[in-house]
Amino acid sequence: MKLVTAIVQPSKLDDLKEELGRLGVLGMTVSQVQGYGRQKGHTEVYRGAEYAVDFIEKLRVEVLVDESNVDKVVDGIVSAARTGRVGDGKVWVTSVDTVVRVRTGETGVEAI
Amino acid sequence: MNSGDTAWVLVSAALVLLMTPGLAFFYGGMVRSRGVLNMLMMSIGSIGVVGVLWALIGYSTAFGSDVGGLGLLGNPAEFFGLGQLLGKDQLSGTVPTLAFVGFQAMFAIVTVALISGAIADRARFGPWLLFAGLWAVVVYFPVAHWVFAFDTKDDAGNVTAVGGWIANRLAAIDFAGGTAVHINAGAAALALALVLGKRKGWPKDPGKPHNLPFVVLGAGLLWFGWFGFNAGSALAANTTAAVTLVNTLVATSAAMLGWLLVERIRDGHATTLGAASGIVAGLVAITPACSSVSPLGAIAIGAITGAVCALAVSLKYKFGYDDSLDVVGVHLVGGVMGTLLIGLFASSAAPAGVDGLFYGGGLDQLWRQAVGAGAVLVYSFVLSLVLALLVKAVVGFRVSAEDEAVGIDETEHAETAYHFGDGRSVRRSPVPADEVERKLEGSRA
């Protein structure tokens with residue numbers, strides 16, 4: 001099993017949810033986060049004085065998937081979250097040892 | 001007495017009063033959230049202090065009989081307390097004198113409030129009120145006499161009562177207060193900024209505006225009230241009022257566009273704060289000029305001043321004084337621009353009836369304008385510096401570094417503007433909590 005974590009633009013959440021639903025992903029966890037990448041946030045101007053705003057609002061989307069589905073889920077997230085502009089985010093995949101469904105005690109793929 | 005004129009002056013007075021809460025929002029939105037209440041309070045406090053002083057000696061000092069005939073000061077005792085002006089026969093032109101007294105009171109109030117933008121986040125509230133009162137008495141009331149008190153003449157044209165030197169001897173044009181209000185407040189703001197020093201962290205962290213919608217709301221209220229400020233200064237519901245109203249509209253519109261154009265070229269974006277600032281710069285510039293130019297002249301004055309003020313607000317970074325909300329860049333520079341441009345754009349077709357340089361009048365009006373502007377600038381700056389140093393020496397003017405870091409709302413006023421979430425708090429009051437409980441029990445029984 002794998003955990004797919006994606007940092008995406010808040011405006012792309014609906015597209016992402018729709019795409020993952022189409023791919024058969026049944027659940028996801030979304031959290032509001034702040035951060036920056038290589039571009040270091042953005043600049044605001046007030047009466048000619050520039051302010052650097054380092055931390056930008058993003059969403060972190062986490063999805064548990066079976067190994068056989070990882071590639072198409074990652075591809076789906078990348079295509080749904082892409083605007084083509086700086087700050088579109090990142091996706092990474094980590095291995096998961098165990099998953100347990102709290103209600104039933106099921107484990108492994110059954111619990112996803 | 002003319003009831004139409006009286007109605008217009010009374011309504012204008014109310015419009016001008018609204019400018020001060022409008023200014024409070026204009027300034028309040030520009031500071032950080034931890035200092036917004038103090039910013040509002042410095043304006044509201046000005047209404048309190050100056051409102052009372054105006055009734056005691058302010059009107060009398062500005063519009064009482066000239067002491068010594070030099071046009072420098074009215075007699076403070078003549079109308080002390082205003083009780084002499086209650087009778088039906090007390091007229092000023094075609095309106096009851098008290099209508100004029102009330103209208104002019106609002107000018108004194110908003111002028112004092114304007115200064116506070118230079119000292120955001122760091123002035124103790126009590127010393128600010130002390131300074132506000134001293135400044136009104138020592139600087140504003142006399143300057144209002146110089147600029148707004150006109151000679152009284154008999155039918156033969158002989159002067160029967162002497163007025164202020166700028167309005168009469170110098171014959172500089174300042175219809176609604178470019179010198180008396182804006183240069184005056186702007187020069188005082190510069191003096192205060194120098195005496196109080198920079199905010200902690202300035203200029204590295206100039207303090208980002210916490211609520212731009214407030215700033216636009218404030219600019220809108222200022223513009224609305226400013227129609228009373230300028231068109232009300234005709235003191236009659238007549239052609240002059242109409243001309244000044246139209247000029248106030250078009251100059252301000254052009255100034256906003258001028259400011260935005262500079263921003264678009266310099267910074268790449270036309271900003272909301274720029275639009276609101278351009279509006280105020282335009283209002284400032286047209287204030288002295290609104291009775292002496294055509295609408296085309298007003299557009300030119302607005303556009304030039306909007307662009308110049310957009311550039312002038314960066315002067316503080318160049319020279320290193322922390323004029324927090326740009327009172328110098330907008331009001332001093334805008335006031336000087338409007339006052340001087342009269343010398344170029346004045347047209348004898350307008351109610352003031354004078355030709356400036358571009359209308360064949362030569363340099364005559366320009367030098368009169370320059371002398372008036374320079375005199376008020378120097379007088380206000382020097383006296384404000386002395387008063388600020390006096391307040392600083394006697395009672396202290398600045399909050400402590402710790403209080404500044406915590407936030408001036410909490411440390412000076414024991415309040416905070418915004419409450420997000422349910423943050424736990426427990427009531428501490430003179431009435432013991434168990435007594436309140438017993439009363440509640442009793443009411444339930």
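Every residue gets a Cβ built from N, Cα and C, even glycine.
Model, not experiment: these values are computed from the prediction.
These come from TrEMBL:
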TRANSMEM  B:6-27  transmembrane segment
DOMAIN    B:7-418  domain 'Ammonium transporter AmtB-like'
TRANSMEM  B:39-57  transmembrane segment
TRANSMEM  B:95-116  transmembrane segment
TRANSMEM  B:128-150  transmembrane segment
TRANSMEM  B:170-197  transmembrane segment
TRANSMEM  B:209-229  transmembrane segment
TRANSMEM  B:241-262  transmembrane segment
TRANSMEM  B:269-289  transmembrane segment
TRANSMEM  B:295-315  transmembrane segment
TRANSMEM  B:327-350  transmembrane segment
TRANSMEM  B:370-391  transmembrane segment
REGION    B:423-445  region 'Disordered'
COMPBIAS  B:435-445  compositional bias 'Basic and acidic residues'
- Query: Looking only at the compositional bias 'Basic and acidic residues' (B:435-445), what are its DSSP counts of helix, strand and coil residues?
  - Reply: 10 helix, 0 strand, 1 coil
- Note on the structure: Top stretch by Cβ pairs under 8 Å to the transmembrane segment (B:370-391) (candidates B:39-57, B:128-150, B:170-197, B:209-229, B:269-289) is B:170-197
- Listed stretches B:39-57, B:128-150, B:269-289 vs the transmembrane segment (B:95-116), most Cβ pairs under 8 Å: range B:39-57
- Query: Among the recorded stretches B:39-57, B:128-150, B:209-229, B:295-315, which has the greatest number of Cβ pairs closer than 8 Å to the transmembrane segment (B:170-197)?
  - Reply: B:128-150
- Message: Can you tell me which parts of the same chain pack against the compositional bias 'Basic and acidic residues' (B:435-445), counting only residues 6+ beyond its ends and a CB-CB cutoff under 8 A?
- Response: none
- Recorded stretch, among B:6-27, B:209-229, B:241-262, B:269-289, B:327-350, maximising Cβ pairs under 8 Å relative to the transmembrane segment (B:295-315): B:241-262
- Name the range, of those listed as B:128-150, B:209-229, B:241-262, B:269-289, B:327-350, that has the largest tally of Cβ pairs under 8 Å with the transmembrane segment (B:6-27). B:209-229
